[in-house]
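I have placed the structure first, in the form of structure tokens, so that the comments after it can refer back to it.
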Amino acid sequence: MAAAGEGTPSSRGPRRDPPRRPPRNGYGVYVYPNSFFRYEGEWKAGRKHGHGKLLFKDGSYYEGAFVDGEITGEGRRHWAWSGDTFSGQFVLGEPQGYGVMEYKAGGCYEGEVSHGMREGHGFLVDRDGQVYQGSFHDNKRHGPGQMLFQNGDKYDGDWVRDRRQGHGVLRCADGSTYKGQWHSDVFSGLGSMAHCSGVTYYGLWINGHPAEQATRIVILGPEVMEVAQGSPFSVNVQLLQDHGEIAKSESGRVLQISAGVRYVQLSAYSEVNFFKVDRDNQETLIQTPFGFECIPYPVSSPAAGVPGPRAAKGGAEADVPLPRGDLELHLGALHGQEDTPGGLLARGHAPHCPGACQRVEQGCAEFTDVLLGPPPPGYHPFLFLDSLHKKAGGRSRGGLHPRGTPPTAQEPPGGSRPEGRATEEQAAAAHLGEYVLMIRDVTTPPFLGRRLPPAFKHLRVVAKRAGQPPHVLEEGPEASSSWQAAHSCTPEPPAPR
């Protein structure tokens, strides 16, 4: 019984094979004791040596060269946890040297690596398709490099830890160019910009913005400007900074001159009470800072022009034509109306021409030979006849008559009309009364995303004296005081109640 029982399977314990040892030489497969690693490939003296494939239980793997049991040489490594794959040179298990990294999230890198990180010169395409070519340090863009952004902008210059810093040139997709200093990815320091609109700025930049940027438009001259009926005049404009200094670092903004006529006149200052506008020619009222409203009125400046923009100092010159949209602007655009040239002609307005625009040069601009024309079709002046009827003992105070029934503002009180050339000049001139000049920033596209607020000048058209020369606005504070002294007989209109 005992002899028979020794040979039965039930009487023997489970058979355990001794652990396999790695192959000595040649090709072999070895599963490590912890079963996480599996190697298939060439062996030499019991070590992985030559070409082989090391598989990890989580799905990661390396396939390539081995030297004395270590991953060294050319190979391909895939990380299951990230999905990234590197093909290139390895030293002691880490990417080292030159190779290509493909990212699961999108994009790839080709270039030099050290200890598994981008180091040295390389070519990077990110998940958004943006391309960088240049120096890397500690896995970041660092040193000189070029970048093509998703929106089409191109940067060529210095980088510090993935940010543009130092000196660089940015060429935007819209045609704008910045050359100068950077800090923390924004314009900072001395630099110049040639904007696609034609605006140029050369000077100091702080946190991405010009340190000497224009913030407002100012029309030089007295508080209330008087011009003779039918006479051309000049308008000088300055762009000022917040603290009142002229923005001399800036050139190229396109300024448009336009005018409005006072919608309700006061009897003390004009015989014209207001303009009645036909229903088909209704205009939106323009609010002015003078306490009254006005409606658009035609103005011309035939001597004005819009020269091509000049590049910033140190940059290449460029001639950018005035955007076509600017040529079609008209007075109604001041309050948001959108009219085509054909629509303006149908309504009696001439389409806007380049003569009404002027480019700024070092913070200053001048409009010469500015002239207020006759009222457009559909504008009918009404006369305030209070003063006339007081003298003539006429009807009750405040009577209103449309032009053509009583003596008009162009006629002497006695009713006799001037003859010949004088009559023609008056017919082609603006009526006596209260007007407003407006200077508007129409730079397209707006410089750095914003336009300057419009500037206003109170204008009074008075009867022309014989031999009176054209009016020219002088500059400086002395001009305002001397003008007011010379015209002290003209009272200022009271604020509306």
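Positions of Cβ are set from backbone N, Cα and C atoms, glycine also.
Swiss-Prot lists 1-27 (among others) with the feature region 'Disordered'.
The region 'Disordered' annotation in Swiss-Prot covers 393-425 (among others).
The annotation region 'Disordered' is assigned in Swiss-Prot to 468-497 (among others).
Residues of the repeat 'MORN 1' (39-61) grouped by DSSP class, helix first, strand second and coil last, total 0 helix, 17 strand, 6 coil. Summarising the annotation, Swiss-Prot assigns repeat 'MORN 1' to 39-61.
Sequence annotations record features per position, and here Swiss-Prot assigns repeat 'MORN 2' to 62-84. With a cut-off of 8 Å between Cβ atoms, the residues of this chain six or more beyond the repeat 'MORN 2' (62-84) that come close are 41-42, 47-54, 56, 90-93, 95, 101-105.
Long-range Cβ contacts of the repeat 'MORN 3' (86-108) within its own chain (Cβ-Cβ under 8 Å, at least 6 residues beyond either end) map to 62, 64-65, 70-77, 114-116, 118, 124-129. Under the heading repeat 'MORN 3', Swiss-Prot lists 86-108.
Counting residues 6+ beyond its ends, the repeat 'MORN 4' (109-131) has Cβ neighbours under 8 Å at 86, 88-89, 94-101, 103, 137-141, 147-150 in the same chain. Residues or ranges marked as repeat 'MORN 4' by Swiss-Prot: 109-131.
Sequence annotations record features per position, and here Swiss-Prot assigns repeat 'MORN 5' to 132-154. Counting residues 6+ beyond its ends, the repeat 'MORN 5' (132-154) has Cβ neighbours under 8 Å at 111-112, 117-126, 160-162, 170-173 in the same chain.
What Swiss-Prot lists as repeat 'MORN 6' is 155-177. For the repeat 'MORN 6' (155-177), the mean pLDDT of the prediction comes to 97.
Look at Swiss-Prot and you will find 178-200 tagged as repeat 'MORN 7'.
Residue counts for the repeat 'MORN 3' (86-108) by DSSP state, with H, G and I taken as helix and E and B as strand, are 0 helix, 16 strand, 7 coil.
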